[in-house]
Amino acid sequence: MVDPVPEEEKAGAELGDSGGDEAVASVPPDAQGAQEPAASSASASAAVPCKAEVPCAAAEGGRREQSPLLHLDLFNFDCPEAEGSRYVLTSPRSLEACARCAVKPVELLPRALADLVREAPGRSMRVATGLYEAYEAERRAKLQQCRAERERIMREEKRRLFTPLSPAAAAAAAAAAAASAPSAGSSSSCSSASLPASPAPRAARKASPSPSSARTQPPPAGSRTGRKSHSLDSLSRRREGALSSESGASSSSYSGESLRELRWPPRALARNSCPAGSASSTTNAPGRPSALTLVPITGRSFSLGDLSHSPQTAQHVERIVRQVRAERGLRGVPERDRKIAALMLARHQEELLLLEQRAAAHGQWELQRVHAEQRREREEREKQRALEQGRRAWAAQVEERRGRRGREEREAARRRQRQYERSEERRRELAERQGLLRRERAERAAREDRLRKLQQEQNLKQREEGLQEGRERAEQIRRERAQRAARAKQRQEGQLQREKRELSRAERARHEALLQGRTRQQRQEREGLRSSLEASLGRAQENYEHLVEQRTRELRERARREELQGRRAKEAAERKEREHQAHLEALARAGERRLQHATQVAEEAVQQKARRVGQSRLEKERAQRANKEKVERDEDCRRRELLQAIGRKLECTQHLSRERRSALESARSTARASFHVREKVREETNTRSFDRMVREAQLHASLDRK
């Protein structure tokens, strides 16, 4: 049988060790070590027709009609169309074992777990694994059963080799040969009249001994592809050596009539029987063998050498030679032409035998196909039921996990929102307390300043009353100095206020930037995975707490510094007040010289302070320019590095795209060349592809169902 199995799916192995007439054609190297049978041949039982189909109906002159349904041909690997085929030729022993066990060969093929998952995408892995284990256990049990049945078939063949034929069977075979010899006028008449009226019983053949039984001894059953069973070969050689004294010139041959006497009924019964593949072929006709009676034929193979060297074939060839010599006036026919004629006659006889065997096999396989379809429907219903249960359980689990995850996410979001609100509330309270403290300190300082000024004015008024002119002059000088000091103090206070405002603005800008960055980070993390959001929020919360603690420490430090500055200003003011009182007393005693000296000292101090302020401003501007230049240089360096990296990446991308295009063009050219080569070979061989055969089989099956 020819299995239309692609080379990549061949398993190249049988149910057991190869023996007798197993034949494997063109099995790829990666499948030679397989232990499983080449059971993919069952795909031809209900899926596709065989590739090399023997034109059997032509041999009968159109008298036998082919079956309209798909059928299985067990003996189509002898035709010339099957030679050179890429597909597996399975063993008749393996097929017979499958037929006896009511197992389709495709059921012995191993299937991957991915195939079961792909058949039903909704099934869970647990259900798929259970189905896979059940299928694998059932497959191994069927495989073991078929192997045991095949071993039993081989043992029956060995027993037949050692069992001598009875004299009654030998006499019946000789009588049938003598009766068929006169009626064989041509190759067609010989082949049609060589079948007996009824099959000879095996018990009668075993009962009576006869010297002619050696002529009916079969030759070694050799494989058609050159692979022979060494055990059967050695047994047949020993058998042939033991009977060589009685066999004569044709000791290792069968006649066509003796082969037909082995099991099969007359051709009239086979010709009048129902076509293979029809519904009526499921029942056995009175003269047709069932699947269990196919053992003698499907268990062994008869080569052309057995048929071409039989005495009947030799007599037929001699008669044809005499007729040709008489009609054409030729002197003689070469031995090579005689052998060719004998081979042609033997081939015709074997085709008739194979036709009878095929007719019986078609009926049995059609019955097996119907049973297999019913079993497959039951298995499919059970599989769909298990699949639906697994799908419902899986959907319930998924819904439960989805609800639990949603609740956890909502709870985490509410918890994060509460933490954020609490942190914002703490920050606002801290800012309010700090503002209140700053206002209180400013009011206290202003109140103390007013009290100090009032006290100074009262003291000055009392001293003015006692000191008159000098005091008035001193008061005038003091007021001028006080005005200058007030202006200087106002400038200092304005400077301090501006610095405080700048610091507050910078702090507020930094805080806003942090808040904006925080908001942007939260938005980006919310768009990402929720798991990474929790980790990022934790880190951001820690950073925010660190920032709040740092800002609190800075505010405390600034408050401490302001308080220290206030104390220092107060001490400086008190010190200045004491110095001023001493200076006023010295001025009152010393006069104009001391007053001029004080004026010069004050002017020098103001000038020095102005110079220091100008120098500090110049240094700050210089530092700012240096920082700006450094930042610009860093930006230029980063920009150049980025441009260089982009250029290198573009070059690499272009290089990869060129390589990809060249590889794609090379692959396309190779594919086009392969396609044209295959098309040329297909045109020359005029063979059908596997896909086309599958489509034709599906089309014929659909038309037959309609």
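Cβ coordinates are placed from backbone N, Cα and C, and glycine is handled just like the others.
According to Swiss-Prot:
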REGION    1-47  region 'Disordered'
COMPBIAS  38-47  compositional bias 'Low complexity'
COMPBIAS  183-214  compositional bias 'Low complexity'
REGION    183-292  region 'Disordered'
COMPBIAS  242-257  compositional bias 'Low complexity'
MOD_RES   S310  phosphoserine
COILED    362-604  coiled coil
COMPBIAS  374-391  compositional bias 'Basic and acidic residues'
REGION    374-393  region 'Disordered'
REGION    398-425  region 'Disordered'
COMPBIAS  453-483  compositional bias 'Basic and acidic residues'
REGION    453-580  region 'Disordered'
COMPBIAS  490-513  compositional bias 'Basic and acidic residues'
COMPBIAS  542-580  compositional bias 'Basic and acidic residues'
REGION    607-634  region 'Disordered'
COMPBIAS  617-634  compositional bias 'Basic and acidic residues'
REGION    656-689  region 'Disordered'
COMPBIAS  664-674  compositional bias 'Low complexity'
COMPBIAS  676-689  compositional bias 'Basic and acidic residues'
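Mapped onto DSSP classes, the region 'Disordered' (453-580) shows 126 helix, 0 strand, 2 coil. Away from its own ends, the region 'Disordered' (398-425) comes close to residues 530, 534, 537, 541, 544-545, 548 of its chain (Cβ-Cβ under 8 Å, at least six residues beyond either end). With DSSP classes pooled into helix, strand and coil, the tally for the region 'Disordered' (398-425) is 28 helix, 0 strand, 0 coil. The number of other CB atoms found within 10 A of the CB of S310 (phosphoserine), across every protein chain shown, is 25. Along the coiled coil (362-604), the predicted structure has mean pLDDT 83. Broken down with DSSP, the region 'Disordered' (374-393) shows 20 helix, 0 strand, 0 coil.
Broken down by DSSP into helix, strand and coil, the compositional bias 'Basic and acidic residues' (617-634) contains 18 helix, 0 strand, 0 coil.
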